[in-house]
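Listed in TrEMBL for this protein:
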type     : residues  : note
DOMAIN   : B:89-303  : domain 'ABC transmembrane type-1'
TRANSMEM : B:25-48   : transmembrane segment
TRANSMEM : B:88-114  : transmembrane segment
TRANSMEM : B:126-143 : transmembrane segment
TRANSMEM : B:176-198 : transmembrane segment
TRANSMEM : B:234-262 : transmembrane segment
TRANSMEM : B:282-304 : transmembrane segment
Amino acid sequence: MPNPRHTPRPTPGRRRAALLAVASTLTLCAVALTGCAASPDPHTLTVLNSATDTAEHAQNQKFFDRCGAEYGLKVRQTSVPATQVVSKALRMASSHSLTDILELDGSDLPAFAATSGLEPLKPLGVDTAGLSRGALSMGSFQGTFYGIARSVNSLALVYNTDLLARARVPVPRTWDELLSAAKRLTSGKTYGMAFSATPDADGVYQFLPFFWSSGGDEAHLNDLKGAAALNLWKTLISDGSASSAAVTWTQQDVNDQFLAGRAAMMVNGPWQVPALDAQTKIHWAVATIPAPTAGGSTQPPIGGTVMTIPRTGHRDRQALAAKVIDCLNTERNQVAWGEAVNNIPTRTAAAAEYRKDNPKLAGFADAVATARSRTALVGAGWPGVQTALAQAFQSVLTGSAAPERALRRAQASVDAASK
Amino acid sequence: MTTSAPTSTALVPPRPAVRRRPTAAWLRWGFVAPAVVYMAAFFGYPLVRNVLMSFQHYTPKTFFTGSAPFSGLGNWRAVLDNPLLGQALWHTLVFTVGSLAGQFCIGLALAVFFNGRFRLAGFARAVLLLPWLVPMVVSSVVWRKLLDQDTGVVNTALQDVHLAHSPVHWLSSPSLALLSAILVNIWIGIPFNMVILYGGLQEIPREVYEAAALDGAGPWQTFRRVTLPMLRPVITVVLVLGFMSTIKILDLILALTGGGPADSTQTLGTLTYQLSFQSLDFGQGAVVGTLLVAISAVFAVFYLRANRAEFAGEQ
């Protein structure tokens, strides 16, 4: 160890090195500061989205390039995982560096629109004619349209045609039929039914078609109409027709179970189609999710991302962004995009064409036609309702609360949080 | 090591303060300044902001407008009234104590085991380090598959050797999920405990053991009366560092159970995540964050006191 009392005297060489270090630090700081102040490139539009998947990112870029080229623009995407888009966008907002186009999950739109940080799209010239009711409602907040979805998804019942044929079970149309079909299809290591009931946005998305179809109201959980849906899920598990692991299975896990032949039917969305198509062992078909009673109807949720234009203060860039968005949403581009990502176009005419081209996915297309937006009733309050609903079905499925009690508690927690 | 600081100051003869030249004082402050600036910018500022935020109505709108009106004790009242807080506190306590006890006992046992010299000891030790190298999220995802009740390897193995006659609901039963999370965290934490304790064991001079053997001490007595007391400073470090990293646990639980089923694995870490990033109520999230910091601070004070007592004992 060197003697701690000995302090070396600075030699001229050392002093020069120190000066050099200080100078270079200062230059570095100056460079960093000017970097922040640099004005955005007028020929490049920026986009923040969740296309982290390589194929999806490339597919997106193709459409951006096609539409950007019409206006002599380049488009640069920044992609972060879906769960991080909101926090990333909020950070960008606080540093005034938001992108020209912000692609949000539809259920996050109200929380953003409520900040007055988004531009209404119609005054900027985005054409909304012919959009489906669900798509209009998903992109709106308090009557103003802020976000347009190129394509949307919903949920349907995907079933294993071989297993149903072998057990001579017809495709269930009502909840009673679903319960008995699931029971008859359960044998050995194969469950009759599979669904995802994780305590997050995806689990709630899966619960909604049952909750809404039974008359459930997300603004008044304690009217107890949703209890029937909780009972249905609970019965599927207590009958042994569905695994109690549903509370931990993601939608991806559910699809894996189905593909391994361990589930005869599942609730899932069109984004699973590539995985379903990539194999030949399991033969599958798509049907509408069963309704509570014969002649009743099913109310599935609508999901997907919407493109918004943040209030950045650059009027000319916003106008260009609106033009690019408009181009992405022409009937032709919507059909092409929908087919690329297995989602359903939002323009009614485009959806019809898509349905004609993809008869196998008609079940999904039909679901989207009547699908309802999660935020239509509760708007920016949706995140709280979502957490409460997840708590409700998790406590019912694990046997820690009866459906009625779970729903009353859910409404109480929503009320407490919004106080 | 820890002993060098007091001895070196003892060597420096006390100098009268008047003889200190002003430039020397400036120089001294200059050397301290980078550390002070760094601490203030990266630890002090966020901490103060977090505490302030817990008294503000901090919503997505704040990010656009920059204004977050003070809301008094509103956030604190809402969080303290939230029935989840009590559960989360309890789960955090059980998780932390369970994880630390498991990690430390197994880590210490392995460290003592490897302290004896035998063939392939180095290789086996290196293999045991692997869980440490795997990112936490990857471990959790793999364990989620292993613990799956229908298709998981753990249940298949248990049933094959007839230790369980029906599948164990590791992650889907509210009464077992927290235990599963603790077991996984123990597995993750063993290497850290083993490495540090092994290092501590190597520092204990062989002569002490020889002396103990000459005095006729058996293996258990040697461990209790020689190894443990001489290892005490290292044990304190291991436990305090383990505590700090365990109490704020988030990634493991998010990837393993997402706080479920039925909130049975909800901890302070997942609660603050849920409030801030799912409900987008950053003020309430900050309240839970502040509570976490406060709990850690209490233990940090204990740790510093214990250390000071040790220094005092040595001088």
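Cβ coordinates come from backbone N, Cα and C, glycine included.
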Positions whose Cβ lies under 8 angstroms from the transmembrane segment (B:25-48), at least six residues beyond its ends: 293
Listed stretch, out of B:88-114, B:176-198, B:282-304, that has the most CB pairs under 8 angstroms to the transmembrane segment (B:126-143): B:176-198
Chain residues in Cβ proximity to the transmembrane segment (B:88-114) (below 8 Å; excluding those fewer than six residues from its ends, i.e. six or more beyond): 121, 124-125, 128, 178-179, 181-183, 185-186, 189-194, 197-198, 200-201, 223, 227, 235, 238-239, 242-243, 246-247, 249, 264-271, 288
